[in-house]
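Asker: Structure below; questions to follow.
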């Protein structure tokens, strides 16, 4: 314990319960993970083909105390040694968020520790800070189940959304296409795996939208996949699921990557960060790395898989920055399911 308990060090506890992961973590100086615990509920939601909010909330209630205890044990620390507690206040499922927010408030109140509210997407972006120091100005491509956004940052804590989805998020489209292909939930990893065995030979649309727009649209693509499968079935034709997965993924990835590269050029950024659950997608990671040749001056940062999906280390990392900027939450902090960045 002694060797890393230098009092100049700052220890922040992060708590994340926005969807179907109950997570807590302790991060040192905003960069170094001391403890990181995630209890996933994926199996409970699998048979429903999506996250059931009521079930998610019940699981969070069951898990939160255990997860917090395990985190303190992993870190070999006492709560009194924490400098701050950071918690996801939104966006997400209101019942799920409430569990984390109330746990954080209870700990902060009982132990007189400063409390910081964190935006879930800011957390995903700051997961990269655990890998590499952020260099501004930067561009973050955030791709998850509920979000697909291009975010420009010229300094810490300032987020400018320069592009977002106009309908389905990429992760949502993956889940719906996976269902059409009779693949299990969540769809992303299954399509990613299947795509490697197929060829992108099916002609599917790519929504570029109007000139100069960094927005995304995936509902037309999703409908095209469903219609193509339906029409083939009507005609008694067989479409290889591998080829459909490869074709769908090629369409999504091409749009995501091209718009990211164009925005990075336009905004003259020093870094591109990949963030969110779909950032774990191998097709996306590979294509983005390939296209970086066009931007020799720009550094690409991709977090390890464990930091792409929901976790609390990213919330602690983002919370550290907010805490250092003097941001504090009061005991009136509440879950905000539609919180804007």
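Just so it is clear, glycine is given a Cβ too, placed from its N, Cα and C backbone atoms.
Checked Swiss-Prot, it gives:
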type	residues	note
BINDING	120, 124, 310	Fe cation binding site
BINDING	142, 143, 144, 145, 146, 175, 188, 192, 281	substrate binding site
Asker: Find the shortest Cα-Cα separation between residue 310 (Fe cation binding site) and the binding-site residues 146, 188, 281, and name the residue that gives it.
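Answerer: Of all the candidates listed, 146 is nearest in space.
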Asker: What is the separation, in Å, between the Cα atoms of residue 142 (substrate binding site) and residue 120 (Fe cation binding site)?
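Answerer: On Cα coordinates alone, these residues lie 11 Å apart.
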Asker: How long is the line from the C-alpha of residue 124 (Fe cation binding site) to the C-alpha of residue 144 (substrate binding site), rounded to the nearest angstrom?
Answerer: 9
Asker: Tell me whether residue 310 (Fe cation binding site) sits in a helix, a strand or coil according to DSSP.
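Answerer: DSSP call for residue 310 (Fe cation binding site): coil, neither helix nor strand.
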Asker: Reported as an integer number of Å, what is the Cα distance between residue 188 (substrate binding site) and residue 120 (Fe cation binding site)?
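Answerer: Distance between the two Cα atoms comes out at 20 Å.
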Asker: I want to check the contact list for residue 146 (substrate binding site): same chain, sequence separation of six or more, C-beta distance under 8 angstroms. What comes out?
Answerer: 91, 169, 171, 172
Asker: Taking the centroid of the Cβ atoms of 120, 124, 310 (Fe cation site), which other same-chain residues have Cβ within 8 Å of it?
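Answerer: Apart from 120, 124, 310, the close residues are 16, 18, 88, 121, 123, 144, 276, 277, 311, 314, 315.
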Asker: Out of 144, 281, which of the binding-site residues is least crowded by other Cβ atoms within 10 Å?
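Answerer: With the binding-site residues 144, 281, fewest surrounding Cβ atoms within 10 Å: 144.
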Asker: For residue 142 (substrate binding site), which DSSP three-state class applies?
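Answerer: Reduced to three states, the DSSP call for residue 142 (substrate binding site) is strand.
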Asker: Can you tell which of 120, 124 has the least company, meaning the fewest other C-beta atoms within 10 angstroms of its C-beta, among these binding-site residues?
Answerer: 120
Asker: Among 142, 143, 144, 145, 146, 175, 188, 192, 281, which the record lists as binding substrate, how far apart in Å are the two most distant Cα atoms?
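Answerer: Across 142, 143, 144, 145, 146, 175, 188, 192, 281, the widest Cα separation comes out at 18 Å.
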Asker: Around the C-beta of residue 310 (Fe cation binding site), how many further C-beta atoms are within 10 angstroms, looking at every protein chain?
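Answerer: Around the Cβ of residue 310 (Fe cation binding site), 27 other Cβ atoms lie within 10 Å.
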